[in-house]
Each structure stands twice: as C-alpha cells, then as structure tokens.
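Copied over from TrEMBL:
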type	residues	note
DOMAIN	A:28-559	domain 'Cytochrome oxidase subunit I profile'
TRANSMEM	A:41-60	transmembrane segment
TRANSMEM	A:91-114	transmembrane segment
TRANSMEM	A:126-145	transmembrane segment
TRANSMEM	A:173-196	transmembrane segment
TRANSMEM	A:216-241	transmembrane segment
TRANSMEM	A:283-299	transmembrane segment
TRANSMEM	A:311-333	transmembrane segment
TRANSMEM	A:339-363	transmembrane segment
TRANSMEM	A:375-398	transmembrane segment
TRANSMEM	A:410-433	transmembrane segment
TRANSMEM	A:453-475	transmembrane segment
TRANSMEM	A:495-519	transmembrane segment
Amino acid sequence: MADVPLDRVAETAATEVEDLTLHHPHSWLTRYVFSQDAKTISIQYTVTALAIGFIALFLSWLMRLQLGFPGTFAFIDAAAYYQLITMHGMMMIVYVLTAVLLGGFGNYLIPLMVGARDMVFPYANMLSYWFYLLAVVILLASFFAPGGPTGAGWTLYPPQAILSGTPGQESGIILMLVSLIVFIAGFTMGGLNYVVTVLQGRTRGMTLMRMPLTVWGIFTASVMALLAFPALFVASVMMLFDKIFGTSFFMPSLIELGTPLDYGGGSPILFQHLFWFFGHPEVYIVALPAFGIVSDLIATHARRNIFGYRMMVWAILAIGALSFVVWAHHMYVSGMNPWFGFFFATTTLIIAVPTAIKVYNWILTLWRGDIHLTVPMLFALGFIVTFVNGGLSGLFLGNVVVDVPLSDTMFVVAHFHMVMGIAPVLVIFGAIYHWYPKVTGRMMNEALGKLHFWITFLGTYAIFFPMHYLGLLGVPRRYHEMGEASFFPASAQMLNAYITVLALVVGAAQLLFLFNLIWSIRHGREAGGNPWRATSLEWQTPETPPPHGNWGREQPTVYRWAYDYNVPGVAQDFIPQNMPPEAVPLGPRPAPGGMS
Amino acid sequence: MYVALALFVIAIGSVVFHLLSPWWWTPIASNWSYIDHTITITFWITGLVFVAVVLFMAWCVWRYRHRPQQAEVLYEPENRRLEWWLTVVTAIGVAAMLAPGLYVWRQFITVPPDADEVEIVAQQWQWSYRLPGPDGRLGATAIRHVSDDNPLGLDPDDPRGADDVMVQGGELHLPVGRPVKAVLRSLDVLHDFYVPEFRAKMDLIPGMVTYFWLTPTRTGTFEVLCAEMCGVGHAFMRGFVVVAEESDYRAWLEQQQPARPAAQRAVPVIAER
Amino acid sequence: MTAAVAFLVLLAALAAWWLYGQRLMSRPWLAAGIVEDTGGLAHMPAAKVGLGVFLAVVGALFSLFLSAYTMRMQLADWSALPVPRILWVTTLLILLASAALVWAVRSARRGEKERALDGLLAATGFGSAFLGGQLIAWDELAGSGYRLADNAANSFFYVLTGLHGAHILGGLVALVAVTVKLWRSPDAAAAQLPVELCALYWHFLALVWLVLFAVITGWAGDFLAVCRQLLS
C-alpha cells in the first residue's frame, strides 16, 4: 500500500496540494476499521449490507414456507408472519439496497470514476458507516426485544403500528423508528460526500458531460435521498412522540380492542403522505444507480458507446425531479381527496416516458455491438428483462382506476419485487462481478458466476411472473394464509406451493455467489488493472487494487467522455478517458477476439 | 446462443402463460366493467412492448454476439430522429392508457345522486353495516358514543339515527341494479373493504369518512375481504355481501331491528342547532 | 405538502440554473482534449458547498415539518396556544447573534483577529441566551398547563422549537470550536473560512426561526390568506 508520502507535497503540482491533505492511516485500526478511505468504507458498507441481505433472504424463506404450506410450520403464526414480512421489506429496501448502491458502490466508484483521491469529507464518511452499523444493530436488537420486532408492515402505517393488535408494538416499533432515524443521520453524512465529491472533487477535464452514467445515477440518487429521507425522519419522530408521549399527530380518537384511548383528532393519512414523500423517491433512489451501472456494464461488454448519452443524462435528471411529485399514487384507495388521483396518475405515467427512453437506449446499445456474454453482461441483460416487466406492470398500478382492483393484492407484491427487488439486485450482482477485479485484483470464477446467473434470473422470473396472476385473481397481500374463499381455487394454492419451492432453490443458489466471492479473493485468476478493457477512470489506476490516494503521484487528466469504444480509425477497440489525443494509436480497427 | 434462446423463450413463454393461465379475475358483479376494459387495454399495450423489447434484445444478442468474423461495430453516439420518434410513440402509448383511466376514474368518484347510502364500519376484526331506516338518512356518529350497548357509536341525540338498521358481524344485503354509495368508517385502525367481484375498494380510516359507489349487476353471495393490513386478525376479517332481487332485499330489511325501538326513541327535540 | 413541494421547487430552480452553466446540451464525444470546467462552484471551497447542501437537507426537514403542521392544523381539534412574550426577546437575540457573526466575518476578512474574536464571543453569548429564552418559553407554557400531548398545536410547538434548538446547539458547539481555533491561530486569515461557515449556518437557522415564529404566531397563515384574497 503506497500512500502518497507527505514529504512530496512540496514537489507536486498546485492542483494536487489540496488533495494530499488526506487522512493517512497510521495503524491497523485506522486502516481497516476506523478507516477514512472511501474504498475501505465501501467494502464495510457492502459486506454489512450483504450480511443483512442474507438475513432478510432467510426471513423470506420462512414466510414463503407459511404461504406455500399454511399451517405446516407451527412456529409461523399470524404474528410471526407479519414480523417476517415487515423486517424482510424494511431490511431489503433501506438497509440493503440503499446501503449497497449508495454507501457501497457510491463510495468505491465516485472518487475513482471522477478521478478524485478520496471523498471530500473523509471523516464524515467514516462516521456515516458507523452510524449505519449502529442502525443495523438497533434493528437486529428488536428480534430479541420483548414482543419481538414490529409486524406493522414495512409501511408502518399508524394507528395499527403502535396499537396492541399488531405484533411488536411493545418495543419493536420503537427500535424500528430509532433505527431509521440513526440510519438517516448516517446517510446524510455519507450523502453529503457523494454529492459534494461529484460537484467539487472532479479531476481536471472531467466535465459533467464526461462522467460515466454510473456517477450520474449515484449522484442524482444521492441528491434525492438527501431530500427524501427527511420525510421519513419527520414521520418517524412524530410517530415516536405518538407512541411514547401520547401526542396525537397521526392518532385519531379510537377504540383499541374495546378500550377507548386518549388519542384524538390526528390523521393517519398525514403519515401516509409523509411516508410516501420519502417512499416513492426511494424507489428511484434504488433504481437510478442501477440504471447508471447497467448502462456502463452494457457499453463496456458490448464494446460500443452507450447509445444516446445525452438523452440518458436528461432522463436521469427528469426522473429524479418527477419522482418527487408522484408520491400519492401509493394512496389511490387510501381515502385521500379523490381529485388528487387525476394529478398523480398523470405525473406517474409521464415518468414512464423517460424511463422507456432509457430502456430503448440500452437495447440500441446492444444493436450492432460486439456483445461479450460475460457474467456482468448476463446480469445486465437479466436486469433489462426484469425491469421492463416490472416497469410495465407499474403502468397498471400507476393508472389510478386500474389500481383500484389491483392495489393491496399480490399483483403489487409481484410488481415491486420485479422492479425494485430483483432488478436492482441483478445489477448489484452484475456490478460486483464487474468491479471485483478492481477491488481485489482477481477475477471471480466465471463458470460459477454463470450458474449463479441462470438460477437467479430464470428462478426469480418464474417466481414473480406467475405471482401477478394471484393478484388478478384477487388474493390480497399480507395474508399469512388465504384460507377458504370462493374465488380461490385449489390450483392457486398449488401455485403458492410452487413459488415457495422455487424461492427456496433460488435463495440457496445465492450461496454459490457467497462462495465465489470469498473463494476468489485468494484463488481467482489474476486480473491485471483493466481486465474488461474499459475506458472509465477507475480502470486506469496505476496500481490494482488502488492504494490510499488512488492515483499515485499525479491525478489523471481527462481528455474524452467515458464511451469511446470501437472508434473508427483507431487501432484498439477502446480509448481510456485519460489517454491524450496524441497518444491514441491510429490505424485499422483490430480484428475482434482479444478477449472472449 | 443459449442467452438469445432464453430471452426468446421468456418473451413467448410469458404470453403463453398469460393466455393459458387458469388464474384470472373473478366474474364481475358490478357496473365497473369499465375497469376491466381499461386493464385489458393496458395488457395489450404493455404486452406488445414487452414482447417487442425482449425479442429485439434476443435478436441483438444472437446477431451481434462476439465472433471471430465480427461485423464492424457501429460508432453512433446518438440518433436524434430515432430517439424522438421513440419518445413520441411511447408518449402516445402512455396517453392511450391514461386517457381511459382518467375517464373511468371520474365516473368512479362521481356518485349518482339517486344512490342509496349504506354505512360500512370496520373494527378489529369484524365488519358491521348500517342502513338508513324509513327516513332514508343515516344518523350522526362519534367514537365517544361507542359502548357495549351502542357498538357503532350512534349519537343518541340524533333523531335521524333512531330508525337506522344495524347489522353486526352478519351479512350485508344489497338490492341488484340500484346504485349504492358505501360510506366507510373505522373504529380502530385502517381497513379496506374489498369484494373481488365488485372491483371497487376503498380504505376505512379512523377519524374520517371515506366512500365509494357501485351498482351490483348480478345476484349472489360474495366474499368480503380486508385489503389493508390491520393486525394479526387481518386474514380472518371476512364477511359476505348478498346481492338479491329488490323484493328479497325488502323482505330481508323488514326483518331487521331498528337501532332504537320506537318506544325508547328520544322525543325529537330540534334537529338544527 | 405544499411547503415541502415549494421548497423543492426552489431547490430545483437553483439546480437548473447551475446545470444550465454546465453545458448539458453539449455533445461530449465530439471534443477530445482538455476542457476546463466551467460553472460557478468550481472555485468554491468544498466545505462551503458541503454546508450549502447540508442546509438544503435541513431546509427540507423543516419544510416537511411545516407541511405536516399545516395539514394537521386544518383538522377539527386544533386549538392554537398563546405565544409566550419571551419569544419576542429570543427572536431579537437570534438576530443579534447573526449580526455579531456578520461583524466577525468582516473582521476576519480584514485580518482583524481581536474584533473577529469579539464578534464570535458575542454570537456565542446571544446564541446561548436564545436557547435559554426558548427553555423559559417551554417552562412558561408548561406551567400554564399547555402540556405536550394535550393538543397537536402544543405538540408541534415543542417538537419544532426543540428540533430548531437542537440545531442551534450544534451551531453553538461549532462556534466555540471556531472561537478557540481563531484564538490560538496567529492570524485571522486561517480561521476565515470556518468563521464564514458558522455565519452561513447561523443566518440560515435565524431565517428558519423567523419562518417558524411566523407560522406559530399564525401570521404566516394570515399573510397567505391576504395574498389569496388579493389574487382572487
């Protein structure tokens, strides 16, 4: 690990001096534990989030067992089932997807891709991780608290979230809200870094329009998260007051299982507005980084420039802005003023246009490319299929009157698992296979990777596509068992059992990934600095894995955009962003085949 | 090769599954067949897009896969015409779904003036109903009036409520062919009155009154489900709606007891305050 | 959610103005070579931009609380509480603290260390007095029977002033740290940026307080009603 020695500050160029005031680790503890290096923080975030992801996956197994074979497993009663779905949902959405895509990938990729030495506020960045870990610990503590974790559903709707008909109302709900508040505080410290590093930390020549789309996606998502998470913060604080101090922000006068309570006058709908003011942007906070990353995976592995780069950037910005004015499409049947339906259905369907443009541009990038079906590319293709499927079913739910019969049914569950569950997870896998060689210097095993891809992609599609039809049939979500119902045929219960079996298989297949991840650290093939022959800056570091400070003596200078693949008249099929125009080897394009 | 084949199978397989699926919406029993039509339109448009996108991908993956004799890769950063053209087509497709959606939504929220009122009250974990008596009007209610004798919290001073008919935990009967405005109220937490055959549904919220309306179009007994999570009994919060011919409905209504028998009714003071 | 959406529209306008200068319409594949970055933020210190972004987050937080306030206020059980007189004094104090920081920034820019220190100390004093005044207001209200859970108006008053007070407390800690730094450093120039950051943070919180005060006293509502009448 060659740190930039501080005694070289004097002889470096003026533009570098500021960056050399990095925090240099002096001990094992500050290097690997309380590290202020964005790359270490990234690994800490990713590993923690993956661990939570496996716990949440395990919870989903248990609830699938109950749904597939109701009554067979005595320990999964209604209360336990609600605790399982609540914790599965909240963990996956906030503590896994948000944490990996922003805290994990953001930390690793932003500084490297914009040519910075580190994040601009490394100390706050370190605190961000430790706050996140604290939030995770508080969340997990609720499993051991009296009454267990909250079973209010991940939406935590009052009044039921804090009343005795709901499991975990003793302490689980309090721990959940406190954990969210800590998470938000921690995220704010990290998010400031992601945003300001893109604003101020870009190296010479890295204009905004030369940034890879990954950076655009993570940057926009971070801005959105900074502005959307306060809504969850406000809602959580107010609900804590309602629960602990007996205020009536959200609580109307009501009878709790026969006993009148002291609450009065509050509005449950107010909570829903605040929650979804966070909750809808959250969908795009997860999606936009995935959009960005998948754009770069496709361009790199199809050896072709991303098609319509400008449109892609504008679409990201448009989606980011629009996503703040669609929140009430989660509330069409909530009893809010029905006239809002016209506005929110319109804004929601308008968002489909920039999103569709992104999909077209991905597949047009494949067109007339040189497609290498590497593991990252497979995951990118899987993402497109899954995302298109989930996005299109979103057009059902966003269109106010179509939502009426479908809302709160399994159709919704299938939709959001496709679009913001499986789709971003496929991107996360693809991204890990793609950037693993940069992080460790070794490749992940390709055969295992392909096996992992096929089971995960086909398996999840076969799980969630038929699930839509349970919703069409009328099966409500959040039922621990359907029981007897005239419209619920025996075949539908068989479908449930089939989904459960498949979910167990696909879940178990994730161990392949885990094994590959750990095994390849020591036994993977040596990767070299740029195994995918990619153009963006993170592949051009002088050393791999990049040491503290990333760039050795001199920060790179950027001469071009991130997508110069197969440029006519150039003798290699990619031009790194930091290659000066005079160094570009001219000549006929090489015959393809350098890499399989 | 396998990748292209897999994509092809997914595109075609999804359509085949859709066509052969034994799981489909229940036969409709209300006037909201408009909603079904809108869903059908949406299925057509989204289905076409899905198949087109995935098949095009499959073709690209097959045609432009990495090979020794590779055709030249096209260097084309953008194509303004193609992009605008796709944008416009998408916008038209979106509008084709949104327009009928909004049109039907307007009907959905506009209650016909001649609709009968029925109140649906939810509590953990039971449905109750209240129908106006001969005066055709429902009496006022408040949570503070709720007691063992007055489970729905009727205002004892409101004369309009005296003849109201209450059904506690039983079946709701509705006459076929007459528009009904369901007025919704909850005593404790959020619930959602959901009859799959009616298509319509709406949340019940403590502290406020919500509504939806429908016209039952065929007789029969239909299952009521709760569709908004309401605690551990959520899945068991069931009930039945019986849609009957007008005469049968009248006969049923006759048998129901009013809220306060005539003898106990407070002398109607002055209704207006 | 009007307040929150209005705040975000304001931010979006700022972002659009900045992006306008970033040549988002350019075709990046056409020009290879060195392009110097344009745009107004390029030469600002990262800390200042960071604080700006942080204040946007704080602004979103308070605007969301105000949205919740206005929505909750329209419900039937709302009964506004009397505004304690001491809040007039604390409003004056927070403005005085802001003024003292303006003085400190000016002095620090001129390199006048002693005067800058005076400004910082005065701001710390006024700021602490502000917090003390807010506590007295709490005490007064609680003493006259306006307890937290009695009415949503009370709950909002305590939560909003408490949250604002917590931010002020953070500002005070920063002020003390900067004062010590300036006091120890040989010349005022070294502490110029931290002093500016403190001032920016403080002005923003003073502005937030003015808005909160206007909403709590009901003037904001009256003002909007008048505007609506003028428009219609």
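Cβ coordinates come from backbone N, Cα and C, glycine included.
Predicted automatically and left uncurated, TrEMBL annotations should be read as such.
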For this session: Test the contact criterion for the transmembrane segment (A:283-299) and the transmembrane segment (A:173-196): 3 or more CB pairs under 8 Å, pairs 6 or more apart in sequence, then answer yes or no.
Result: no
Problem set entry | Paired segments the transmembrane segment (A:410-433) and the transmembrane segment (A:339-363) in contact, 3+ CB pairs under 8 A | no
For this session: Give residue numbers and ranges for long-range contacts of the transmembrane segment (A:495-519): same chain, 6 or more residues beyond its ends, CB-CB under 8 A.
Result: 50, 54, 57-58, 60-61, 64-65, 67-69, 429, 432, 436, 444-445, 448-449, 451-452, 455-456, 459-460, 462-463, 466-467, 469-470, 482
Problem set entry | Distal contacts, the transmembrane segment (A:311-333) - CB-CB under 8 A, six or more residues away | 209, 213, 216-217, 220-221, 223-224, 227-228, 269, 272-273, 276-277, 279-281, 283-284, 287-288, 291-292, 295, 340-341, 343-345, 347-348, 350-351, 354-355, 357-358, 361, 397-398, 400, 403-404, 407-408
Exercise. Which range out of A:41-60, A:91-114, A:126-145, A:339-363 gives the transmembrane segment (A:173-196) the most CB pairs under 8 Å?
Worked result: A:126-145
Problem set entry | Leading stretch by Cβ pairs under 8 Å, where the reference is the transmembrane segment (A:91-114) and the options are A:41-60, A:126-145, A:216-241 | A:41-60
Problem set entry | Cβ-Cβ under 8 Å with the transmembrane segment (A:216-241): same-chain residues at least 6 beyond its ends | 98, 101-102, 105-106, 109-110, 156, 158, 161-162, 173-174, 177-178, 180-181, 184, 187-188, 191-192, 194-195, 198, 247, 249-250, 271, 274-275, 277-279, 281-282, 284-293, 295, 312-313, 316-317, 320, 323-324
